[in-house]
Amino acid sequence: MLKVGSSLLAADGGGLSPRFALGLAQFVSANLAAGRELVIVSSGAVAAGRAILPKAADVGAPIAARQALAALGQAQLIALWQRFFERPVAQVLLTHDDLRNRRRYLNARATLGELLRLGALPVINENDTVSVDELKLGDNDNLAAIVAALVDADALFIATDIDGLYSADPRSNPLARPLDDVPELTPEVLAMAGGSGSNVGTGGMRTKLEAAAKAGAAGIETYLFNGRSGEVVRALAQDRLRGTRIHAARARIAARKYWLRHAPVEAGAILIDDGAAAALTGKGASLLPGGVAGAQGDFRRGDMVEIRLRDTAGDQCLARGVSQYSALDIRRIAGRHSREIENVLGYSYGENVVHRDDLVVL
């Protein structure tokens, strides 16, 4: 899996430039020639759209303008990648809704698997034209990590515009030292990351480390390297990393548990009491209505929700899971015994609010 940010593809005068993309394409070709399968997650559609209608970003609502620019630039982005390869390049646009919904998640995995079987090169981007919440900091970094797990990738390579992770921002701190090997993403390591590193893209080093943590939970190592350096990219094509290696977690979690842990969450939560919290965290139990204190938001049956301990600072999030009942239903059955569900609601989807197979403790 290779993630390429828009700062490596955007031309100084607007639009897209093959300057750094060519070297990255050669890295891809070297891996393909070695018999490896590869998927690209590429930003750059908005930057390409700005060259087509430069004034679009100055007119109308900011989100709507970015969505329009993404629609304008997506074809140019795919054309940029296609020019480097003889094999067909397949455009795949995803949103967090696709990754949140289990059925669509599995369909996306099946489609990507078939594209790879057919010898195509999938190029994935966020479907910014229909996304709203997703147009946020570092979205494609996190998207790359989730897709890496989705396709069972062996490694996640993130091309950036600096030489990897440093102990501090090397552009402002001359004492910053490079970190070649990161065995574990500790709070101290995360604190070394600053904010957004580019005027073009939306992701900084912090989001790249968050992506590495998500990939690591699936047993996937992450490699950060400078995509602007031809020497670095050529060395990488020969399996020599000049950047930062971030090790995967020692304990790999099951694919479904990974999806439960990292799939985007609906704007909702189930509030539970101390007894339910102890049962979830200590016994691996399902969540029953008797331990439920209430619900936040307006989620539906089958939505991914957070499970929070009530009466704590910020309602501490203990777990995530797929709710068997809507927020409205949960408010009505909260604190009741499971056998009362049908009498209260007039129907029942089972005794559990969240079954343990659909739940992961954080």
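In case you wondered, yes, glycine gets a Cβ from its N, Cα and C as well.
Same-site candidate for substrate binding, as annotated by Swiss-Prot with ASP128, ASN140, chosen from SER29, SER43, SER229: SER43.
Taken residue by residue with DSSP, LYS3 (ATP binding site) is part of a strand.
A gap of 8 Å separates the Cα atoms of SER43 (substrate binding site) and LYS3 (ATP binding site). Model confidence over the domain 'PUA' (267-348) is summarised by a mean pLDDT of 92. It is 9 Å from the Cα atom of THR207 (ATP binding site) to that of ASN140 (substrate binding site). For LYS3 (ATP binding site), the same-chain residues that are 6 or more apart in sequence and have a Cβ closer than 8 Å to its Cβ are ILE40, VAL41, SER42, ASN140, ASP141, ALA144, LEU156, PHE157, ILE158, ALA159, ALA211. The helix, strand and coil residue counts that DSSP assigns across the domain 'PUA' (267-348) are 28 helix, 24 strand, 30 coil.
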